[in-house]
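Summarising the annotation, TrEMBL assigns compositional bias 'Low complexity' to 129-166. The domain 'RING-type' feature in TrEMBL is assigned to 271-306. According to TrEMBL, the region 'Disordered' annotation covers 127-206.
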Amino acid sequence: MPCSKCKSDFTLFNWKIRCGECEAKYCNKCLRRKDGILYCEVCLILIKRPPDRMKLMELKVKELRDYLNKNDISTYGLVEKNELVDLFCNKHIPEKQRKGVDKLTANFGDPLKPINGFLNNLEAVITEQRPTPRQSRTSQPPRPSQTSSQRIPDVSPPQFGAAAGPSAPPFEEPTTSQEFYMPTASEPPVNEQTPGSSPLPIRRPKLEDFDSSQDLQQLSSKELKILLTIYRVDYRGCIEKYELLEKAQMLWEDNNQHKDLPEDVPVQELCKLCMDAPLDCVLLECGHITSCIECGKKLAECPICRQYVVRVVRTFKA
């Protein structure tokens, strides 16, 4: 199996080394060292904290999606690369901390598995044979009483915040690790807020934000679908981006044409609810055309047949 990047064969001088993050096989010339671990160029960009947005935009969509899924971050519904980069920058992905043998096994995992298992077993045996502090204190003989004149007085550390005197209690060692730190009333609680705690803001484009129909080309496929959904334009069957763009441009031109209605517009062509906008939508399932798109969104039932409104679809005049 050759190197994943340069496709060169592995030899005695060209070693096969595993990347410390993606675990792909590379030669020693295609890897870079960071904190004692070898990484490929793609993983060096992915593990950098804080992330570099310009470098992330140079990566492939598959590389971004695989890294996010590996860290249990869902990418469902994200298609565009800038959406994945926004998710990457807003989510807090902790950097892995490796020490000792873990740094070796990160790049040479298979040959060093027996050594790593032996060291782990040795550490477990030493931990079991080591006496706990509680057992060592109980095995000590009892201290002599205070009436003995030869007893050496205990030296206790000074008690901060209290007056020194004979009535001050002696210093006692904490028996558990939880007793080392006791928060006081003057210390406010610390609330850690990660960048991933706030949801990503969803951009909702509007027709009023664009000066011409050509400006709609700046939108992505997902933003075009959101725009068409807001104005109730049916885009079923549209797969390519240019098909969505054609419907969005037709919507903008029709909206711009009927923005300022002339005074001599027939009443039959006006919305029967607000009387300020043209008839530009059809109510389903009944199929009646009786209101504008803004009034149609607010209707629960058709004002003509009283049938329940399932959907409102934007219409265009030929």
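Cβ atoms are placed via backbone N, Cα and C, with glycine included.
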Summed over the domain 'RING-type' (271-306), the DSSP helix, strand and coil counts are 6 helix, 6 strand, 24 coil
The predicted model's mean pLDDT over the domain 'RING-type' (271-306) is 88
